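Q: Here it is: the structure, laid out below.
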Amino acid sequence: MTELPDSTRWQLWIVAFGFFMQSLDTTIVNTALPSMAQSLGESPLHMHMVIVSYVLTVAVMLPASGWLADKVGVRNIFFTAIVLFTLGSLFCALSGTLNELLLARALQGVGGAMMVPVGRLTVMKIVPREQYMAAMTFVTLPGQVGPLLGPALGGLLVEYASWHWIFLINIPVGIIGAIATLLLMPNYTMQTRRFDLSGFLLLAVGMAVLTLALDGSKGTGLSPLAIAGLVAVGVVALVLYLLHARNNNRALFSLKLFRTRTFSLGLAGSFAGRIGSGMLPFMTPVFLQIGLGFSPFHAGLMMIPMVLGSMGMKRIVVQVVNRFGYRRVLVATTLGLSLITLLFMTTALLGWYYVLPFVLFLQGMVNSTRFSSMNTLTLKDLPDNLASSGNSLLSMIMQLSMSIGVTIAGLLLGLFGSQHVSVDSGTTQTVFMYTWLSMAFIIALPAFIFARVPNDTHQNVAISRRKRSAQ
């Protein structure tokens, strides 16, 4: 890093800025949801869509981000991403209704979808290969700090200012980042193949309408007939994509990926596993505030041990997998996370609040081990010519499953509770108890998938640079 010219180091700072903005926004909103609900006159049970609208948009737009950067140029797309993200933040702060907020969050999601993958692509183009790992470590460090600061900062702003400020703080950062991008970042382009627009649209429609249908009458107020229509449209769109991708060398995601057994198992496990894990960052601060009566700032502080546990475990995941193998690690961490979820609910409802930080720290450790193991299992056996496509599909599935997880969590709250819940009441705690029990069951289910991982899959084979950096 010290051998790089000053111009390159400034460009890396710009990318790191983008990583920080995107990672901060994914966690800062969770703590503010109850306050948003009160301000907008909505039930807290509807506020999961604030998360879903952002994450689902990211999932839909991710496949196009790398192609756009190659076609239009990394500077132009990175600048556009920052501008869209900043405008989305402004519109979020100005929103007077939930529907306005959801549209603004979707605009944020378009910017967020392009920011991180295009940032990775920028690092690949401006840094010599032998310094790539050091450069990526540098630019992703702010992305690790974002989740650490997000919950507490969100709680602090909500408690001592208003929820609008969790979006307003993005505006000066975004303006500085946009100007710096125009002045300092080169506009690399490269020859691209024709974009699979038909496949992209089919996948986008399928993912969006099925997630909307899953939210159902509880969240969107749709009639059973409308929900059935959405399900039919979503299924038809996905089936049409499969027919489109069969024997199509230009398909967005080649079906040849699924000939690799570890990829198929890893992708299925990642999808199911992140549905359960995706519920936790949303449900935990909501439960602490509405179920237990914590202040927004206190609830945000309680999330820090989980992030610290996750960051600390990343250093030894490789040794753990090499020692025990993928199947044992993934089955054990999946069942362990389910038990920890039950432990969190039990200690919280018993009033043992001093134990909660330790439980959340343990949850972060287990979750981090499982995430890292799922990612490497999915990609490690892919041939080089499919590595980039496989990584893109995995990234999309990660975002999609998180949006589905938050949607299911909102559904469970609506199923077990009324449309209006009071803070720290016996009835509310019962609603959360049943929701938490259901979550623990859902979290445990992927263990059946991971149990099918071959016994001899025990070595954590290093992922090539192309696989690590692909979109």
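Backbone N, Cα and C atoms are what each Cβ position is placed from, and that goes for glycine too.
Note that the structure is predicted; figures quoted are calculated from it, not measured.
Annotated topological domain 'Periplasmic' per Swiss-Prot: 1-11, 70-76, 125-137, 186-196, 246-262, 307-341, 417-430, in sequence order. As annotated by Swiss-Prot, topological domain 'Cytoplasmic' applies to 33-48, 159-164, 218-224, 363-395, 452-471 (among others), with the evidence given as sequence analysis. Residues or ranges marked as transmembrane segment in Swiss-Prot: 12-32, 49-69, 77-97, 102-124, 138-158, 165-185, 197-217, 263-283, 286-306, 342-362, 396-416, 431-451 (among others).
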Q: Pairs 6 or more apart in sequence, C-beta under 8 angstroms, 3 or more of them: is that satisfied by the transmembrane segment (138-158) and the transmembrane segment (77-97)?
A: no
Q: For the transmembrane segment (49-69), which stretch among 263-283, 286-306, 396-416 has the most Cβ pairs under 8 A?
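A: So the stretch in question is 396-416.
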Q: Same chain only, please: residues at least 6 beyond the ends of the transmembrane segment (263-283) with a C-beta under 8 Å from a C-beta of the stretch. Say none if there are none.
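A: Distant contacts of the transmembrane segment (263-283): 27, 30, 33, 48, 51, 257, 303, 330, 334, 337-338, 341, 363, 367, 370-371, 374-375, 377-379, 381-382, 390, 393-394, 397-398, 400-406, 408-409, 435-436, 439, 442-446, 449-450, 452-453.
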Q: What counts of helix, strand and coil residues does DSSP assign across the topological domain 'Periplasmic' (246-262)?
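A: Split by secondary structure, the topological domain 'Periplasmic' (246-262) comes out as 7 helix, 0 strand, 10 coil.
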Q: At least three Cβ pairs under 8 Å linking the transmembrane segment (342-362) and the transmembrane segment (396-416), pairs spaced 6 or more in sequence?
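A: Stretch pair does not touch.
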Q: Can you check how the pLDDT averages out over the topological domain 'Periplasmic' (307-341)?
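A: Within the topological domain 'Periplasmic' (307-341), the model's average pLDDT equals 88.
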Q: With contact taken as 3 or more Cβ pairs under 8 angstroms (pairs 6 or more apart in sequence), are the transmembrane segment (396-416) and the transmembrane segment (431-451) in contact?
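A: Stretch pair touches.
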